[in-house]
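S.K.: According to Swiss-Prot, the compositional bias 'Low complexity' annotation covers 125-141. What Swiss-Prot lists as compositional bias 'Acidic residues' is 338-349. Look at Swiss-Prot and you will find 354, 419 tagged as N-linked glycosylation site, backed by sequence analysis. Under the heading region 'Disordered', Swiss-Prot lists 115-154, 327-353. The transmembrane segment feature in Swiss-Prot is assigned to 166-186, 232-252, 264-284, 289-309, 395-415, 426-446, 487-507, 524-544, 559-579, 593-613, 632-652, 661-681.
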């Protein structure tokens, strides 16, 4: 506190100041210590507007800006608009990450520091608490960016919460919507518009009637002049939706990989899909084809949004604090366990330094400072894969918890409203509302994580820019396919995933239709199948990591164990063809209750496959090409699902029943094991990083440090990161052959 004599009061506080008027009596001020830069107990004389200084070097820093009521109001107004900015700003950043919407303490601190520091006395720009995000200055504590706008800030807990929030919002659609009530509703609406196969003059009865399993009870409906079995109507609808989904994710992959569109597109598809699901409340018997159209749009939007969500996973892992603390900026092979002195501190040479000191790299170590070994590439790969699996499995588990809760709510609605199509439409409306509402936290907390800028010859906008992005995306896809052929483990994974994802999607829809049409289960009983499956999925999502550690299984070995359990489902259905099993009257899916233990197996297996496949593939992707390679992942996933439901639908049309489709399911479930068996994660990661250097023309951040090249290599990395590099932009396939 200042020692004051006279009428003028001049107080210094950490957050505000009241200045003396421009005129007034001379005031003798005795400054107390404010910063280490100023001496204590120095007398200064205040004479009106100017201060007489005996020594100009003792002049204190400029007074901070007056923090008035208007400043409070300005901050309150800015804080009240945070959520609105999250949806409308060009950056679409999380509230706590926006430089213009800092927290109260950060705003005050950066404002005061910018005005009180003599070094910044002439700088009127707003401070950024996370450091400069463009120059890669090591003083900011952040890794140097690989391209302009690269967000190298560590992954925060709020950002992870935003990623989990979207899984919590959208998984209910695939569990309760497309995996349960949408195929049930589509089959019911098609049957209400269909006629009997044996007598086309008679309308179909309810699918719960026992005679519908016979040839006389089969029901057909005419769609665009084609005769389709009502049980296969939903299967064909899904085939069309995944075909469009595959085309869509390719077209948006460029916009997701380049620029700042990844998060915007995710939210756009989320709200389009949720709106379509809520629109089922208006669907009736006469508009059943519109119901199929809503299923196509919603499923396409869901798939596209999840491709974009998956593309965040490698970025969250790469910038996670547990990965960043490896010590890339330390000496080769070793890193200190504690942070050294600040760069502004004067380095005092120690008399104990000798000829070996120069070998320690560019960092300065105090005598006796403990050293710890930096992780090798193989250890880092193992740690990143473990962290990726944990995050992925946790996201799956959170989504399953949401699906389980909403499935119980749906069953209560169905029982209360007597299992009518109206009750099914209400359930779907609730599912869509859930999807839309819980997407809001993801919009607020998830960072955009922009990619490299797209190389363009001129500044284009509007429709021309959209057309340019789409054309570039398809060109990039073919380049990505060409590049993926060089990555043995990527090829092996995608070949296995092509069949495995088809088996997952087709088994779910086939089982629901089999239970409804062959076992004559009520909608609430069908909902119980999903409740059991979802509960088992939660258990599987959190149990497979324990199982893999207990038996020391690698990621691809855990996937093989899941496939082995998965194969039991179609094999059990085929047991119904055995004469002695038919004589028992139970077993081989002859009784409705048999669906429940199989649902438990399916959910437990899916809980492991969903997390491990996604994280395993993420480790094999060349850094910087996440959205492009996840688009290829989605094409393999959803593109294969075009064939599965269509083949099952053709089997139903040809045979009049669903059980023969289990032969097809048994084949596509078991075959992927042949490809997954030969995957080597360490080899795939090394090849991916090497390919990333060819694609983007840069060395991975910290790679030279890990390999022992020291400060010189790090300086080269920093110099190489100044220029903008576009993924696949300047890559010449012919030259690399």
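Keep in mind that glycine also has a Cβ here, set from the backbone N, Cα and C atoms.
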S.K.: Checking distant contacts: for the transmembrane segment (232-252), what same-chain residues at least six beyond its ends satisfy Cβ-Cβ under 8 A?
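M.R.: For the transmembrane segment (232-252), the nonlocal Cβ contacts are 178, 182-183, 186-187, 190, 221, 223, 261, 265, 292, 295-297, 299-300, 303-304, 307-308, 470, 473-474, 477, 505, 509-510, 513, 631, 634-635, 638-639, 641-643, 645-646, 648-650, 652-653.
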S.K.: If you count Cβ pairs under 8 Å, which stretch among 166-186, 559-579, 632-652, 661-681 touches the transmembrane segment (426-446) the most?
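M.R.: Ranked by Cβ pairs under 8 Å, first place goes to 166-186.
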S.K.: When you measure from the Cβ of residue 419 (N-linked glycosylation site), how many other Cβ atoms are you left with inside 10 Å?
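M.R.: If we count other Cβ atoms within 10 Å of residue 419 (N-linked glycosylation site), we arrive at 18.
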S.K.: What else in the chain is close to the transmembrane segment (524-544), if you only count residues 6 or more beyond its ends and a Cβ gap under 8 Å?
M.R.: 175-176, 179-181, 184, 393-394, 396-397, 400-401, 403-404, 407-408, 410-411, 414-415, 419, 511-512, 515-516, 558, 562, 592, 595-596, 599-608, 610-612
S.K.: Looking only at residues six or more beyond either end of the transmembrane segment (166-186), which have a C-beta under 8 A from one in the stretch?
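M.R.: Distal contacts: 233-234, 237-238, 266, 270, 273-274, 277, 280, 283, 288, 291-292, 295, 298-299, 302, 305-306, 309, 395-396, 398-404, 406-407, 410, 421, 424-425, 427-428, 431-432, 434-439, 442, 446, 508-509, 512-513, 516, 523, 526-527, 529-530, 533-534.
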S.K.: Which stretch, 289-309, 487-507, 559-579, 593-613, 632-652, tops the Cβ pairs under 8 Å count with the transmembrane segment (661-681)?
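M.R.: Between the candidates 289-309, 487-507, 559-579, 593-613, 632-652, the best contact partner of the transmembrane segment (661-681) is 487-507.
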S.K.: Does the transmembrane segment (487-507) come close to the transmembrane segment (593-613), meaning at least 3 CB pairs under 8 Å for residues 6 or more apart?
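M.R.: When sequence-distant Cβ pairs are counted, the transmembrane segment (487-507) touches the transmembrane segment (593-613), since at least 3 lie under 8 Å.
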